[in-house]
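**Student:** I'd like to ask some things about the structure below.
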């Protein structure tokens, strides 16, 4: 029996989501379009197999084939990131980070991470997260120019003396200097942990410096700029840390791994290792630079005055409207983005004075400089006349026509 016959409600909603993804423009920086091959294996019989433990050391029988699958995923991950050890079992980036903390430090120890309101992530010590409840957290941020001042990070680190420093961000448009972070960590005897969830796809293509050999441990998601399935990974070059990480993930915080997702990670890594991937990642950055340049030419303020990676962060501190207003206006025109706090923030985190835009998903559809220039100017048009609902509807129809030339999926399920 087909899904349509068995559960028409879910079938219909999934197809409505397909329509939304195909007809609108996805510009949330953390979202992307994965491969049909990735979705195909996620929907496979591998979902049936329990495989607690690691390849060759399982608690259940019948794991000979999933052992080979996980080993493939591990080897491809190691080759991709040029590292010696990899754990591909974390179910998410947050769980990967939780596993790193559990492996490297003890509850109550101090961690130093980027402030959430400055572009960090919940799992980097935010008080509302378990990372901010289980561990004592302190923070560094960006200056009013939107950039990290590494001397200030050094001052904070020397004063606070954390056991672990987290570098990585969810809304930082500039290159992260991993070598500088390692210098600071070494000065105080701390671990350096790099969370590259947002930039991993650029890192493996040589479009952003690698955290290796500087970081003791590196984590990432496998979606975002990697375009794989939703999930997490942890990597290191230190064998002793690798053993601790493996124990922290299983049996520490997870039970049976999701073998259908691990297989999908392996498929994604195969794509990331191809020459085609390097072309894609380069275009992601090029498209982001086009977006940044058009918006600045149209007199909009960007945090750090540009971008080095896949995202731009707009600041509306000099405007009467908020990030939430901009988010809603673009949404009315078929462009999905997200409101975001900015340096010098004057509004609440639920309103914000910024907007985060990313190019990975549009690039996955085949958008290049020409299309990005069109889209960027439409964004500026909308924000220049933010209450003009008729304009938003007209642009929505124009973008729908543009999107129809770049259909990413012909069907909702694979």
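The backbone N, Cα and C atoms fix where each Cβ goes, glycine too.
Source: prediction; values computed, not measured.
For 116, 120, 121, 122, 240, 348, 349, 350, the entry in Swiss-Prot reads (6S)-5,6,7,8-tetrahydrofolate binding site. Marked as site 'Plays an important role in substrate specificity' by Swiss-Prot: 223. Annotated N6-(pyridoxal phosphate)lysine per Swiss-Prot: 224, in sequence order, evidence recorded as sequence analysis.
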**Student:** Looking only at C-alpha atoms, tell me how far residue 121 ((6S)-5,6,7,8-tetrahydrofolate binding site) is from the residue listed as 'N6-(pyridoxal phosphate)lysine', rounded to the nearest Å.
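**Tutor:** The Cα atom of residue 121 ((6S)-5,6,7,8-tetrahydrofolate binding site) is 14 Å away from the Cα atom of the residue listed as 'N6-(pyridoxal phosphate)lysine'.
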**Student:** Looking at the binding-site residues listed here (116, 120, 240, 348, 349), whose Cα lies nearest to that of residue 223 (site 'Plays an important role in substrate specificity')?
**Tutor:** 120
**Student:** Determine, using Cα-Cα distances only, which of these binding-site residues is closest to residue 224 (N6-(pyridoxal phosphate)lysine): 240, 348, 349.
**Tutor:** 349
**Student:** Counting Cβ atoms within 10 Å across all protein chains shown, which of the binding-site residues 116, 122 comes out on top?
**Tutor:** 116
**Student:** Which entry in the list of recorded positions, 121, 223, 224, has its Cβ near the fewest other Cβ atoms, using 10 Å as the limit?
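**Tutor:** Output over recorded positions 121, 223, 224: least Cβ neighbours within 10 Å is 121.
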**Student:** So which one is it: of the binding-site residues 120, 349, which has the fewest other Cβ atoms within 10 Å?
**Tutor:** 349
**Student:** What three-state class does DSSP give residue 224 (N6-(pyridoxal phosphate)lysine)?
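**Tutor:** DSSP assigns residue 224 (N6-(pyridoxal phosphate)lysine) to helix.
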**Student:** Please give the maximum pairwise Cα distance, in Å and rounded to a whole number, for the (6S)-5,6,7,8-tetrahydrofolate-binding set 116, 120, 121, 122, 240, 348, 349, 350.
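**Tutor:** If we measure all Cα pairs in 116, 120, 121, 122, 240, 348, 349, 350, the largest is 43 Å.
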**Student:** Give me the count of other Cβ atoms within 10 A of the Cβ belonging to residue 348 ((6S)-5,6,7,8-tetrahydrofolate binding site).
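**Tutor:** That number is 11.
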